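Annotation source TrEMBL lists active site, nucleophile at A:ASP280. TrEMBL lists A:ASP107, A:SER108, A:GLY109, A:GLY110, A:PHE111, A:ASP161, A:GLN203, A:GLY230 with the feature substrate binding site. What TrEMBL records for A:CYS318, A:CYS320, A:CYS323, A:HIS349 is Zn(2+) binding site. Residues annotated as compositional bias 'Low complexity' in TrEMBL: A:23-32. What TrEMBL records for A:29-378 is domain 'tRNA-guanine(15) transglycosylase-like'.
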There are 2 protein chains.
Amino acid sequence: MSPEPTLEAPPRGVRPVRFTATARDAGSAARAGRLDTPHGPVETPAFMPVGTQATVKGLTPDQLREAGSRMLLANTYHLALRPGEETVAALGGLHRFMAWDGPILTDSGGFQVFSLAQRAKITDHGATFRSHLDGRLLELTPERAVAIQEALGADVAMCLDQCPALPAEKAEIARAVDRTIAWAARCQDARRRPDQALFGIVQGGAHEDLRGRCAEALIAMDFDGYAVGGVSVGESREEVRRALDVSVHLLPEDRPRYLMGVGRPQDLLDAVHAGIDMFDCVMPTRNGRNATCFTDAGPVKLRNAAHARDPRPLEEGCDCLACSRFSRGYLRHLFLAREMLGPILASIHNLAYLHRLTRRMREAIRAGRFVQLRLDVLEALGP
Amino acid sequence: MSPEPTLEAPPRGVRPVRFTATARDAGSAARAGRLDTPHGPVETPAFMPVGTQATVKGLTPDQLREAGSRMLLANTYHLALRPGEETVAALGGLHRFMAWDGPILTDSGGFQVFSLAQRAKITDHGATFRSHLDGRLLELTPERAVAIQEALGADVAMCLDQCPALPAEKAEIARAVDRTIAWAARCQDARRRPDQALFGIVQGGAHEDLRGRCAEALIAMDFDGYAVGGVSVGESREEVRRALDVSVHLLPEDRPRYLMGVGRPQDLLDAVHAGIDMFDCVMPTRNGRNATCFTDAGPVKLRNAAHARDPRPLEEGCDCLACSRFSRGYLRHLFLAREMLGPILASIHNLAYLHRLTRRMREAIRAGRFVQLRLDVLEALGP
């Protein structure tokens, strides 16, 4: 059910999620912390697997938890189209629907409107587009993005933002920043659920002044957390680093910082170095379905003939289901035979790998050796 | 590794698997019992899920065990083609390969040669055929069927038999019976592994005299167990019942009886009534992948619009993962969204349903009320 429109907005300052930094690295902006949510705490830095359609592809909630997942992301655009947020609400909300009793974050739907929907048209009012499923004409405004997310009922909702595709003229990015700021204010005004946090999204491409302007405007609106958006959409590693540094140093210390759509191990190390606390990405599960697995020695491609009779696990020392029970030879067989269990096991490993990497980062930050850990892991991973 | 050809055949009478009937029904030929195998005991009547390519599609070993599976079937034809039995042996044999430490049965490969392979030619020597994967010309003889199965290393291997497609002339079925008997003798002579049982397969269609002749010839060869083959290949329910009654009453009391390829709840009830102990079938997992689920009230089709906002479990009282955590509405969403978790959960439920049905049959046989249970369940299931 959507919340009653007569409800008042929740008072500012009462935070549905609260972030506490528990340790800071001396040699970087890295920090370890805890995000308390209505569905329990999450230690940060944290990686969130993506459950696009209210399921992380092929994995049960127990398998996710065993792999180390604590907080999931679900996609508002996909769920609003199918089964529809009213159906999710009628079935008890997203947590009950997908049987995940840990924290969940939903994106605003904007990114998919711009990347997946057909003939999206954007005005200051919002976006109109046609569903990629059935061509229905639909509208996504800041108010609607909040209403859908409140019906879904995740612990954290995201503001509708505009993320221009790169490369783009600076003037175009500036217009997107203006719109992102205006939409963030409308999202803040539209919220009604006192048990759902709302994060603002800093845009601005690789332009220091635009990032700064966006961050300052959003900070003045006092969001529960802040995301850095518009990264991982085609820019160079150096541009990403600059966008991060510029965005992060302005953000308040007592709010979580979330880098959207980033999941390469190297990028996680860089982003935590820059002060980021949270991540999401389809990469571990998408790569896993495609037989490519993270290891500390770099990617392993399970279809490779070299693995045919290899009795060793995918990664020595990994305690995930794939590595503790199965050989590389068996995993290769599953992929060649097009068996579902291959993508399932590879996805489990890739998630376990990223969750282990975030745990190692947390421990290193607490022990004051994050900079060294980052260099060691980057060197082992290779280019 | 294939066994050394210099090894002698294991002495007759030393049984790698032993069957003990522990209870008999008064009103039917139904019996409850225990099959002791090198990988532990299995209570009968028992249903074996099919792991065609050394994996029950989409399910982990833990999920299988939790659904109630105790003994699995794997397909010799598929595994001999890919990854090859030598690869399975090099990776520690089938149990280690697929990380299933319970009992496994392999079929002989014959059924798939006749149903899947291209241009199969059958002579008294064996079958030549082309692989359905790459067109390679291959041969399957009784000796080769045993050698492949010994390399795979299941607890129970099956004799190569010939199963004529129905409808068939009686003379053709008689020739298949002769060949099945001759091949069974060659399989018996070819075996070398003392830790692997070998079951004979009774053929003969719906002809009492042919079934009788086949059963008597196989019994004289003293197999560790006996299967009833050539059922579930197009005949009527009445023909199945006759074939079963005729085959089963000749078989020795102290050997397990296995009905191949049967998995409908109704057919399990009928076959246990006729004295069968073991079953296998792809139906629970194949139907599950297609969104059709067993329940005591008959099949439920999860794609049906009626389930869209139904918060109830697939089947009340079922303690499987699908029923204990998820709503019909969510399961329907998974299928409409083509998410892997739909087939996974529906397969888990269908297996749990059949395993529960066999447990109810065991309990009813012990309590002397199997005939009543069968009638009650058949009535609830409907036509």
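Just so you know, glycine gets a Cβ as well, placed from its N, Cα and C.
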For the compositional bias 'Low complexity' (A:23-32), sequence-distant contacts whose Cβ falls under 8 Å of one of its Cβ atoms, 6 or more beyond its ends: 43-45, 248-249, 272-275, 277, 361-362, 364-366, 368, 370-371, 374
Where the record names A:ASP107, A:SER108, A:GLY109, A:GLY110, A:PHE111, A:ASP161, A:GLN203, A:GLY230 as binding substrate, the maximum Cα to Cα distance in Å: 16
A:GLN203 (substrate binding site) - helix vs strand vs coil (DSSP): coil
The compositional bias 'Low complexity' (A:23-32) - residue tally per DSSP class, helix then strand then coil: 0 helix, 4 strand, 6 coil
Rounded distance in angstrom between the Cα atoms of A:SER108 (substrate binding site) and the residue listed as 'active site, nucleophile': 14
Neighbour-count leader, CB within 10 A, recorded positions: A:ASP107, A:ASP280: A:ASP107
When distances run from the Cα of A:GLY109 (substrate binding site) to each of the recorded positions A:ASP280, A:CYS318, A:CYS320, A:CYS323, A:HIS349, the nearest one: A:ASP280
Rounded distance in angstrom between the Cα atoms of A:GLY110 (substrate binding site) and A:CYS318 (Zn(2+) binding site): 37
DSSP-derived structure type at A:CYS323 (Zn(2+) binding site), helix or strand or else coil: helix
Environment of A:CYS318, A:CYS320, A:CYS323, A:HIS349, the listed Zn(2+) site - residues of the same chain whose CB lies within 8 A of the CB centroid: A:PRO313, A:LEU314, A:GLU315, A:ASP319, A:LEU321, A:ALA322, A:SER324, A:ILE348, A:ALA352, A:TYR353
Mapped DSSP class for A:ASP280 (active site, nucleophile), helix or strand or coil: strand
Distance from A:ASP280 (active site, nucleophile) back to A:CYS320 (Zn(2+) binding site), taken between C-alpha atoms, in Å: 20
Cβ-Cβ distance under 8 Å to A:HIS349 (Zn(2+) binding site), same chain, at least six residues away: A:GLY288, A:CYS293, A:PHE294, A:LEU314, A:GLU315, A:CYS318, A:CYS320, A:LEU321, A:ALA322, A:CYS323
The one of A:CYS318, A:CYS320, A:CYS323 whose CB sees the fewest other CB atoms within 10 Å, among these binding-site residues: A:CYS318
Neighbour-count leader, CB within 10 A, binding-site residues: A:SER108, A:GLN203: A:GLN203
